[in-house]
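Peer 1: Just dropping this structure here.
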Amino acid sequence: MEGVLQTRGLLSLPSKPKIKAFYPLPQGGLRNRFNSLSSLKPNPFNGVSLSSNGFQKVQGFDTKPQLFGQKKRCFPICKAEAAAAAADGQPLFVEKEQPKFMGIELVTLKKIIPLGAMFFCILFNYTILRDTKDVLVVTAKGSSAEIIPFLKTWVNLPMAIGFMLLYTKLANVLSKEALFYTVILPFIAFFGAFGFVLYPLSNYFHPTAFADKLLNTLGPRFLGPIAILRIWSFCLFYVMAELWGSVVVSVLFWGFANQITTVDEAKRFYPLFGLGANVALIFSGRTVKYFSSLRSSLGPGVDGWAISLKGMMSIVVMMGGAICFFYWWVNRNVALPTRSKKKKVKPNMTTMESLKFLVSSKYIRDLATLVVAYGISINLVEVTWKSKLKAQFPSPNEYSSFMGDFSTATGIATFTMMLLSQWIFDKYGWGAAAKITPTVLLLTGVGFFSLLLFGAPLAPTLAKFGMTPLLAAVYVGAMQNIFSKSAKYSLFDPCKEMAYIPLDEDTKVKGKAAIDVVCNPLGKSGGALIQQFMILTFGSLASSTPYLGGVLLVIVLAWLGAAKSLDGQFTQLRQEEDLEKEMERASLKIPVVSQNENGNGPLSSGSSLNPAEGDSTNASSEPSSPRSL
């Protein structure tokens with residue numbers, strides 16, 4: 001048996017030996033068996049050669065740790081190096097620990113806190129702008145809620161397409177930082193100019209006389225299209241407010257957030273951004289309520305809405321300045337994470353290719369039905385509700401004050417539903433969560449349209465509660481919008497994204513591309529097109545209310561049927577996926593070779609080393625249990 005050579009005493013090593021990597025030749029002894037097993041599982045005896053009495057030899061081998069950016073290779077280093085480094089009191093490889101605050105690294109906090117503040121400011125502005133745009137176009141003289149379907153289809157959609165084409169061109173010639181400022185600063189400048197210049201002077205450049213002449217010639221059924229020309233500056237504000245939600249929130253903010261955060265940080269902190277968004281909704285709703293209530297404190301003859309608009313646009317400009325400041329600070333003080341150069345291949349499907357793919361797969365057809373049905377249903381109810389809201393609150397200040405309360409209630413309901421959504425998924429599963437949103441829309445929609453169509457017989461009963469049928473319809477419509485939006489954000493969107501998970505990669509990527517290309521625009525504009533047809537056919541939105549209620553009922557029932565069908569397919573795919581994973585785990589399990597008669601095999605988990613008796617007498621004779629790779 002070989003003698004024991006210790007690292008101190010008999011053999012004197014230099015204090016800083018040179019590191020030389022080499023590969024030992026394959027041998028049949030115990031050392032080679034340890035090295036071969038090190039690739040299968042972690043081993044506390046990795047790189048240790050044993051003598052006959054169980055002590056460590058000098059000629060052991062250790063695996064050299066991987067440096068950042070290296071490919072995975074095995075570089076055995078002499079065990080004496082580690083012993084010498086430990087003797088000097090210096091570890092061979094030291095990783096500096098990042099300072100933390102409340103368990104979170106300071107480097108991460110430098111990203112997340114400014115991002116959270118940016119998101120709060122952006123959504124605070126969006127809530128103010130969303131409430132204000134409806135007040136402007138619905139309560140303006142010579143206009144009504146009938147303008148909204150025409151505005152969305154013939155003004156908002158072309159402007160959005162044109163803006164994204166321009167954004168694509170600018171992205172090719174500008175840096176990311178310059179592109180951010182180039183896009184957001186015109187928004188801030190326009191909203192400031194509208195509050196202090198365009199709205200006060202709107203009576204001078206709105207073609208009111210020409211619009212009246214057109215209305216007399218074409219008839220009242222063309223009130224919506226003519227109103228776009230009559231109040232063109234208000235319509236421009238409407239479009240810019242809509243673009244703020246799609247461009248600044250979706251493109252600028254989330255693009256920047258994805259640029260500076262890692263995947264682990266995103267998993268941890270992105271859900272908190274969703275909760276913070278609803279907090280912004282609550283505070284901005286209170287702000288709209290405050291400025292809309294200023295009219296009561298002003299003297300007679302003063303345009304209270306103009307004063308309120310100046311106050312709210314001033315806050316929008318200040319919040320816009322804060323957004324730019326946080327963006328500038330992060331770019332100056334936060335290092336960007338390294339990214340892989342490998343790009344994901346995303347199919348560039350045309351509209352016809354998307355339609356063919358949608359038709360070919362039942363699973364994708366059902367998922368597309370969910371997306372289209374939500375877009376149509378929410379538009380059918382929302383526009384009809386806003387027309388009744390104007391009838392109940394004709395003054396811009398009253399209308400805006402109610403919208404402030406509406407935004408606050410929406411934020412509170414969505415915040416609560418987000419907290420409950422995890423419990424709903426865990427207790428009732430995907431199918432029940434997917435059916436909650438259409439069920440809410442169906443129940444509240446039936447109540448809303450019933451009050452509009454059969455409100456007269458209920459008038460005496462409602463009078464006991466101090467309400468008219470119109471006011472009751474406004475409140476029920478508000479509840480419908482609040483609960484449907486909160487269910488959409490907390491349940492419908494997660495259900496939609498979860499439905500892609502069990503699909504194979506080809507169907508997953510192509511299906512998502514098809515739904516993004518066809519179904520999202522179809523859902524958003526489908527409701528507007530239906531309303532335009534009804535208005536031009538029956539003369540007004542009020543006359544078409546019974547037919548809109550029937551269309552809503554058919555669409556929601558189709559939505560529920562698609563959700564039930566998709567639930568069965570989703571459950572089956574999940575079961576198949578779980579079964580495949582179990583089979584893969586079973587196929588990867590291999591038995592570890594037991595000891596031979598010479599006792600020169602791998603150490604089992606239960607074996608122990610006794611220096612006094614050698615390594616062959618106390619080794620376990622039982623084979624080790626199978627272990628997974």
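Placed from the backbone N, Cα and C atoms, the Cβ positions cover glycine too.
The compositional bias 'Low complexity' annotation in TrEMBL covers 598-611. Taken from TrEMBL, the feature compositional bias 'Polar residues' covers 615-629. According to TrEMBL, the region 'Disordered' annotation covers 584-629. Look at TrEMBL and you will find 112-129, 149-167, 179-199, 231-257, 269-291, 311-330, 363-381, 401-420, 440-459, 533-560 tagged as transmembrane segment.
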Peer 1: Report the listed stretch (231-257, 401-420, 533-560) having the maximum count of Cβ pairs within less than 8 Å of the transmembrane segment (440-459).
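Peer 2: The stretch I would name here is 533-560.
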Peer 1: Output the single range from 112-129, 149-167, 269-291 maximising the number of Cβ pairs under 8 Å to the transmembrane segment (311-330).
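Peer 2: Checked against 112-129, 149-167, 269-291; highest Cβ contact count belongs to 112-129.
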Peer 1: Under 8 Å between C-beta atoms and at least six residues away from its ends: which parts of the chain pack against the transmembrane segment (269-291)?
Peer 2: 112, 115-116, 119-121, 123-125, 127-128, 131-132, 257, 261, 308, 311-312, 315, 400-401, 403-412, 414-415, 418, 489
Peer 1: Taking contact to mean 3 or more CB pairs closer than 8 A (sequence separation of 6 or more), are the transmembrane segment (533-560) and the transmembrane segment (363-381) in contact?
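Peer 2: Contact criterion met.
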Peer 1: Which bits of the chain, at least 6 residues beyond where the transmembrane segment (401-420) starts or stops, bring a Cβ under 8 A of a Cβ in it?
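Peer 2: Distant contacts of the transmembrane segment (401-420): 127, 130-131, 134-135, 274-275, 278-282, 284-290, 292-293, 389, 393, 478, 481-483, 485-487, 489-491.
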